[in-house]
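Participant: One structure follows; several queries about it will come next.
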Ligand SMILES: [Zn+2]
Ligand SMILES: [Zn+2]
C-alpha cells in the first residue's frame with residue numbers, strides 16, 4: 001500500500017471534524033504554519049519573528065479600556081484590517097470571544113497570539129494570514145501588535161513583511177507617535193520603534209557540552225533577552241531558546257536587526273562548533289543518544305510533553321548531523337502540534353493528562369514510521 | 001560595562017539569580033542595585049516586571065500623596081502608572097513628561113527615536129530628518145575637504161529649505 005503524503009495525517013483529521021460553518025475557522029487554525037516549515041536556513045535557527053507595537057492616538061491603551069470601548073476599537077481596527085492585503089492576500093479576523101478555550105490554546109501554542117490576549121477576550125482578537133506568517137493582535141497590551149513569523153534565519157525578510165503591512169495600516173489609522181519618543185506604547189519598555197525582533201534557536205550540542213549557560217549568559221550585557229519556547233518564564237525544554245532585543249529606543253530598526261543578526265550568527269557558530277566537537281570526540285556516545293531518542297519516539301506508547309520535547313531535540317540533532325533519516329514532519333511541527341491544545345483540537349475532544357500522553361505518543365509515532373522507498 | 005538598568009553609570013554590582021535551574025546575570029551600578037534588591041526583584045532576562053518599574057521610582061504605596069495629578073485624557077495618576085507598569089494613553093507621555101522621560105532613559109539608555117517615521121503622519125517630519133542628515137553630511141564633507149561634493153549637498157539643503165518655506 002502507498003504511504004500517505006507528508007500532510008496526510010493532518011488532512012485526514014480535518015475531514016473527520018468537517019461540518020458546517022465552523023469549517024473555515026478549523027481549516028485556518030489547523031493549517032501548517034509557514035514558520036514550521038524547514039528551509040536551507042533552518043539548521044539551529046528554526047524561525048524568525050518580528051513584532052511591532054502600535055497604538056491609536058485618540059484612545060486609551062487597552063488595559064484601561066472598558067469592554068465597550070475595547071469593542072469600539074476592535075470594530076475600527078477590523079474594518080481597517082479588512083481593507084489591507086499581505087502580498088495580495090486578505091487576512092481573516094478571529095474574535096477571541098467567538099473561540100473555544102481549546103481554539104485559543106491552539107493559537108497560543110502556534111505562537112499566533114499571546115497568553116495575555118487569551119486572559120481577557122472582550123474586544124480582543126487576531127487577524128491571520130492563511131499560512132500564519134502574519135498575525136495582527138487587536139487590543140493586547142497595545143491596540144495593535146503586528147507580528148510576522150517566517151521559518152529559518154531570515155530576520156530581514158520577516159521585518160520587510162511587517163513593515164509593509166504597518167505602512168498599509170497607517171494609511172487608515174492615526175498612530176500615537178512623537179518625534180522624540182517614536183511610537184508610543186502602553187509599556188515604556190517598547191516605546192520608540194515598538195520593535196521586538198526575535199529568533200528561535202535550537203542549541204542541543206551546547207547543552208550536551210555544558211556550555212549553554214556560558215553562551216546565553218553573555219547575552220544580557222549585549223542587550224538581548226533569552227526566553228524558552230513559550231515565552232517569559234517558560235523553561236527551555238527541547239533546548240529551544242528565543243533571543244530578542246530589549247532596547248527599542250535610540251536605535252533604528254536596521255541597527256536592532258543587524259545586532260540581533262550578528263549575535264545570532266555567533267551563537268549558531270558556537271552550536272556548530274560544539275556539534276563538530278561531539279562528532280570528533282564522542283561520536284559513538286552521540287550516535288547512541290540520538291538513536292535511543294529515535295527508538296523511543298518510534299515505539300513509545302506514552303509521552304509527556306517534556307519527554308517528547310527532550311527526545312525530539314536529540315532526534316533533530318541526529319537528523320541535522322546526518323546520523324538519522326528525516327521524520328515525516330518538521331521539528332517545529334512535531335514540537336508545537338504535540339502540545340495539549342493542538343492534540344485535542346485535531347481529535348476534536350477533551351483529553352485528560354494520561355490520554356494526552358497516549359495521543360501525543362501516537363501522533364509522534366505516525367511521523368516516525370520508517371518511509372518505504374518511493 | 002555600563003549598568004544594564006540606567007545605562008549611565010559604570011556597572012560594579014553583579015547579581016546572579018537562579019530561575020528554573022538557569023543562572024542569570026545582571027550587571028548594575030550601586031544605585032540601581034540597591035533599588036532592585038530593595039523591591040524583592042525577581043530577575044528574568046528581558047522581563048521588566050512592574051515591581052522593577054516601581055523600584056526605579058522608589059515608589060511605595062504609603063508614600064503616594066493623597067491628591068495626585070491625573071492625566072487629562074485617561075485619568076490615570078502617576079502612582080497608578082507605576083503600579084500597573086503601563087501608561088494609560090498617549091497623552092500620559094506628556095502629562096507626566098519628566099517622570100516618563102527619566103523612566104524611559106533608565107530602560108533604554110537615553111536616546112531619542114531614530115527609527116521609522118510613519119508615512120502619512122510623518123510626512124513633514126521626514127523632510128526635517130532628511131535636512132538634518134544632509135547638514136551632517138555637509139559638515140563631514142567639508143571636514144574631509146571634499147568641496148565639490150559639499151557644494152552639491154549644500155544645494156540640496158537649499159532646495160529642501162526653500163521647498164519647506166514656500
Ligand atoms: Zn544604574
Ligand atoms: Zn493618559
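Glycine residues also receive a Cβ, built from the backbone N, Cα and C atoms like all the rest.
Unlike curated entries, TrEMBL annotations are predicted automatically.
Grabbed the feature section from TrEMBL, which reads as follows:
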- A:47-51, A:111, A:145, A:196-200, A:227-232: ATP binding site (BINDING)
- A:44-274: domain 'Phosphagen kinase C-terminal' (DOMAIN)
Participant: When each of the binding-site residues A:198, A:227, A:230 is checked against chain B, which show a C-beta distance below 8 angstroms?
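Facilitator: Out of A:198, A:227, A:230, A:227 lie under 8 Å of chain B.
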Participant: Within 10 Å of each Cβ, count the other Cβ atoms and name the one among the binding-site residues A:145, A:227 with the highest count.
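Facilitator: The residue with the most neighbouring Cβ atoms within 10 Å is A:145.
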Participant: Non-local Cβ contacts of residue A:230 (ATP binding site) (under 8 Å, 6 or more apart, same chain)?
Facilitator: A:108, A:109
Participant: Just how many other Cβ atoms lie inside 10 Å of the Cβ on residue A:50 (ATP binding site)?
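Facilitator: Its Cβ shell of radius 10 Å holds 25 other Cβ atoms.
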Participant: Just to confirm my parser: what is the rounded mean pLDDT across the domain 'Phosphagen kinase C-terminal' (A:44-274)?
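Facilitator: Here the predicted model's pLDDT, averaged over the domain 'Phosphagen kinase C-terminal' (A:44-274), is 92.
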